[in-house]
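**Student:** Just dropping this structure here.
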Amino acid sequence: MKLVTSEEIKRLEERLEREYSIPPILLMENAASFLFSFLKEKFEDIENRKIAILCGPGNNGGDGVALARYLYSNGIRKITIFSYLWGKKISDLLKIQLGLLKNLVEIKDILQDYTELKEYELIVDGIFGIGLKREIDDDLKKIFRYINNLGKKIISIDIPSGINSDTGEIMGEALRADYVLTMFLPKVGLFETGAVDYVGEVIVGRLGIPIEIVNDIVESNIHLVDWELLKDIVRIPSKGVHKGKKGKVLIIGGSFRYTGAPILSALSALRTGAGMVYLAVPEKISMVYRGNYPEIIYIPLKDKDGYISYDNLGYILEIIETYGIEAVAIGPGIGINEDVRRLVQDFLRKVDKKVVVDADALSFVKDILGDISGKDVVFTPHYGEMSRIVEESVETISKKRVEIGRNFVERYKLNLIIKGPNSLFFDPKNHVYVNPFADFLLATAGSGDVLTGIIAGFSAQGYSLKEACILGNFVHGYSSVIWKKYKGSVGLTASDIIKILPLAIDEVIRRRNV
């Protein structure tokens, strides 16, 4: 599913009117109908609930006023509009909606009467829509904080008021929505870092316009990864295949300081369905694993001061060819020293396989980007690692990750995942794929090592690196959904993610057949 900016929505509505004779007022009526249907289906006994509708001076407020009329017309009378209109220039469509509503529903001034909101069960937020690009007034900041502290169910129209729909930036303060009912397509800002704590479940309303028409008009190359998109990626495993044909993965990493990371990656690769996983680690720490993880094939490497020695480079490249390795992951637990730097840099220059580069290996890539441009490689940095690669602050990365990621892949023609809430995958053609999951459960030690193994595992099984990144990001995130369903909202570990992986993958396969 495409994600869109406010400008793209503006162009969409203009073309719908110009080319299909669909006027904006009809779209507003359809939006109100969509909102009404959601409220009626989601909340039992809706006619007996007190509903507050917050309306601003723009078309978002027009949607809210139209909703009030729909509710009233369907016998739901416990409605009050709290308006933010005094002294404001109101939109033409809002004027029409106010005229249609007449005096059927009580309208109060939110600046004067906001404390009365504590008496309402449901709050529909239509103050600001996708056009907000400035910081909100101090009075509204205070009111938004008051509303957020009430603990009421908040349903936002298009986007929670106070969020920049293009960047996800909080414009001073924003409402924390339990549900966001967004029109046509989801907005980019809903899935940006700044908005994570303000955006609940996102539900898309098509407003009676076929998705084929919308996609034909909207040129966005930012995509939300959903079940429909995954249908074109995931494959059903062949029943007759043997282990040698199920994919061979090599994990390179480990050091005397970090013994756990590479084993997490190796086990994750196995759990994706890879037939054979080889683990190349310093000889001394390979002895730690052997008795505990018999499924893994160990390749002991010469070490120097507890780190992988540069002398192993030729041996590793030989193993890749001799054993028919199809995908490699380098970095988990590998540590930082001069030998490791030389090993990582020369390995990436010489290797000709699909490669996942993660963790400390990312510390050495900045100086060789030109040498490896165009290779079948994916970097998987978190914000801190990305900041070192592109020499930008972590704060800048978090606020401008789409722009920074696009600039990076356009210049170096590499694959890139910027990890974090709603992780982003960038392919070399500058398409962006947004992971729908932003759960804090995934922020746990070793979670990134698991993702590395997942991507390498899928890559070895015949998936392109792009497909492996999209699918891997999704099942990694979906594991948190499964954990919440059966275990609760705390306590997910990297080892738990590995155990859950087959369930997450199986669900993707099951939905492919629906």
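Using the three backbone atoms N, Cα and C, a Cβ is placed for every residue, glycine included.
The feature region 'NAD(P)H-hydrate epimerase' is assigned by Swiss-Prot to 1-218, with similarity to another entry given as support. Swiss-Prot lists 9-215 with the feature domain 'YjeF N-terminal'. Feature annotation from Swiss-Prot assigns region 'NADPHX 1' to 59-63, 129-135; the stated evidence is similarity to another entry. Marked as K(+) binding site by Swiss-Prot: Asn60, Asp125, Ser161. Look at Swiss-Prot and you will find Asp158 tagged as (6S)-NADPHX 1 binding site. Residues or ranges marked as region 'ADP-dependent (S)-NAD(P)H-hydrate dehydratase' in Swiss-Prot: 226-514. What Swiss-Prot records for 226-508 is domain 'YjeF C-terminal'. For Gly333, Asp449, the entry in Swiss-Prot reads (6S)-NADPHX 2 binding site, with the evidence type similarity to another entry. Positions annotated as region 'NADPHX 2' by Swiss-Prot, on the basis of similarity to another entry: 382-388. Swiss-Prot lists 419-423, 439-448 with the feature ADP binding site.
For each feature listed, report its degree of burial, its nearest neighbours and the pertinent distances within the displayed model.
**Tutor:** For the region 'NAD(P)H-hydrate epimerase' (1-218), the mean pLDDT of the prediction comes to 96.
The list of residues near the region 'NADPHX 1' (59-63) in space but at least 6 beyond its ends in sequence, with Cβ under 8 angstroms from a Cβ of it, reads 24, 28, 31-32, 35, 83-85, 90-91, 93-94, 96-97, 126-130, 157-158, 161.
According to DSSP, Ser161 (K(+) binding site) sits in a coil region rather than a helix or strand. Over all protein chains present, the Cβ of Ser161 (K(+) binding site) has 28 other Cβ atoms lying within 10 Å.
Long-range contacts of the region 'NADPHX 1' (129-135) within the same chain: residues 6, 9, 56, 58-60, 63, 157-159, 161-166, 171-172, 187, each at least 6 residues beyond the stretch ends and with a Cβ under 8 Å from a Cβ of the stretch.
The local packing around Asp158 ((6S)-NADPHX 1 binding site), expressed as other Cβ atoms within 10 Å of its Cβ over all shown chains, amounts to 28.
Proximity of Asp449 ((6S)-NADPHX 2 binding site) to non-local residues of its own chain (separation of 6 or more, Cβ distance below 8 Å) is seen for Gly260, Ala261, Pro262, Leu264, Ser265, Ser268, Pro332, Gly333, Asp358, Ala359, Ala494, given in sequence order.
Same-chain neighbours of the region 'NADPHX 2' (382-388): 362-363, 366, 394, 396-398, 401, 404, 418-420, 448, counting only residues six or more beyond its ends whose CB sits under 8 Å from a CB of the stretch.
There are 13 other CB atoms within 10 A of the CB of Phe440 (ADP binding site), with all protein chains counted.
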**Student:** Restricting to the chain of Gly448 (ADP binding site) and a gap of 6 or more, list residues whose Cβ falls under 8 Å of its Cβ, or answer none.
**Tutor:** Asp358, Ala359, Thr380, His382, Lys419
**Student:** List, in sequence order, the residues of the same chain other than Asn60, Asp125, Ser161 whose Cβ lies within 8 Å of the centroid of the Cβ atoms of the recorded K(+) site.
**Tutor:** Leu54, Gly56, Gly61, Gly64, Gly126, Ile127, Phe128, Gly129, Ser156, Ile157, Asp158, Ile159, Pro160, Leu175
**Student:** For the region 'NADPHX 1' (129-135), jot down how many residues DSSP puts in helix, in strand and in coil.
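**Tutor:** Reading the DSSP string over the region 'NADPHX 1' (129-135) gives 0 helix, 0 strand, 7 coil.
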**Student:** Indicate whether Phe440 (ADP binding site) is helix, strand or coil by DSSP.
**Tutor:** helix
**Student:** In angstrom units, rounded to an integer, how far apart are the Cα atoms of Ser161 (K(+) binding site) and Leu442 (ADP binding site)?
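**Tutor:** Checking the Cα atoms of Ser161 (K(+) binding site) and Leu442 (ADP binding site) gives a distance of 27 Å.
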**Student:** Of the binding-site residues Asp158, Ser423, Phe440, Leu442, Gly446, which one sits closest to Asp125 (K(+) binding site) when you measure Cα to Cα?
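**Tutor:** In terms of Cα distance, Asp125 (K(+) binding site) lies closest to Asp158.
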**Student:** C-alpha of Gly446 (ADP binding site) to C-alpha of Asp158 ((6S)-NADPHX 1 binding site): distance in Å?
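**Tutor:** So the Cα of Asp158 ((6S)-NADPHX 1 binding site) lies 36 Å away from that of Gly446 (ADP binding site).
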**Student:** Return only the integer: C-alpha distance in Å from Asn60 (K(+) binding site) to Leu442 (ADP binding site).
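**Tutor:** Roughly 34 Å, rounded to the nearest whole number.
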